């Protein structure tokens with residue numbers, strides 16, 4: 001069939017691309033990525049994990065496309081390529097690549113809901129990430145400090161979550177931008193649609209309840225009876241695929257009301273049917289009035305996004321890979337992870353994807369389901385492709401309120417404000433870059449990241465130029481530095497040395513580093 005031919009052509013292209021990359025030196029360093037040593041005993045767990053993640057990916061991808069300001073099908077276009085590429089090049093058995101809340105928010109900031117620019121941005125980000133991997137420039141991620149990351153993720157959770165309140169309330173034509181959304185949402189709250197409010201709150205309640213049930217579920221025990229094990233598996237499975245269940249149930253409700261001639265819900269509406277065409281991204285854009293926007297002008301509009309989005313994508317994915325590698329006792333190759341993400345974005349741009357990275361939520365589901373190798377991503381990718389091929393007409397009836405509820409519940413754990421107390425207790429100075437990033441991110445997310453990095457850099461330079469010094473007099477003047485000696489601090493150290501020597505009884509001094 002046409003669909004199977006499309007899938008085969010994609011897989012063949014990926015195989016050729018990935019094979020040449022492997023020959024060029026991008027060999028996997030971890031056994032879990034060595035598909036040539038695959039064992040049949042792993043197949044069952046990979047199939048179950050891939051199916052579970054696939055049922056989580058489809059509703060999340062649709063919802064994240066809303067965050068990016070793109071038609072919902074672009075979320076699915078972005079969700080399948082990572083599974084195929086990461087199976088060959090990935091060094092973590094758990095990581096799943098696809099659309100995420102943070103990357104969708106960043107994409108919305110730079111492309112303004114323009115699909116052509118979103119796809120081109122995906123290719124450019126992939127090219128930058130791949131180049132960084134080949135040049136082994138992963139060390140640049142070390143300059144994005146922990147307080148900056150936490151400040152950004154907390155602000156992103158608030159921005160993304162509140163941005164979906166309008167969908168839960170059934171409000172349309174709310175302008176973008178956190179402060180504008182805040183103002184107009186409350187200003188027009190009297191226009192809220194009763195059907196959307198009831199459905200959205202009901203979806204939120206069900207998602208919160210299922211999340212709580214999964215979190216409080218006791219682990220299985222060998223002493224459990226068969227009935228207890230079945231009940232445990234049923235509760236765990238239902239809670240794991242809660243997003244899909246809620247979206248399907250809400251869509252059936254919306255379809256039923258529409259069938260009786262009472263469209264009380266705001267639905268997603270018409271979407272493009274079928275699989276995306278496999279083609280080179282467009283490097284120019286034509287406006288409705290016939291004006292051609294050149295590639296150079298588009299690059300100028302992207303501006304700092306060509307640095308912010310690739311770096312944040314790499315940072316998010318590698319942090320997830322390292323966390324689960326530590327949890328499950330294996331090591332990853334950071335540069336090869338960069339290469340896998342970069343190649344995913346490059347190849348994804350040929351199927352109309354926007355920038356993707358590793359997803360913490362779906363990676364957690366993958367790990368908890370017991371995945372054995374990255375091959376589970378193939379199953380996830382196939383499920384997304386099947387959804388595109390056969391289920392797109394059904395997506396017409398998905399209520400926006402249900403997608404808003406899915407996003408709010410997905411980003412809520414990102415708002416970890418306990419980090420403020422943690423920073424206060426450990427190192428109060430780190431609150432400065434945290435608050436800078438957090439507050440500026442409400443203005444524009446890119447300003448928050450850049451501002452936080454600049455503040456962190458200035459604090460780092462200040463500590464180098466003004467090192468902490470302990471001075472003691474033991475017949476000779478002894479100076480102990482808490483860090484190495486560098487040229488920005490020489491004048492400061494000389495001044496301290498002369499001042500202390502003149503105040504003491506001895507003039508001779510000794511410096512101990």
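Note that Cβ sites are derived from N, Cα and C of the backbone, with glycine treated the same way.
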Listed range which TrEMBL flags as transmembrane segment, given the options 405-425, 468-488, 489-509: 405-425
Annotated stretch (transmembrane segment, per TrEMBL) among the listed ranges 163-179, 180-196, 197-213: 197-213
Proximity of the transmembrane segment (445-465) to the transmembrane segment (95-111), 3+ C-beta pairs under 8 angstroms: yes
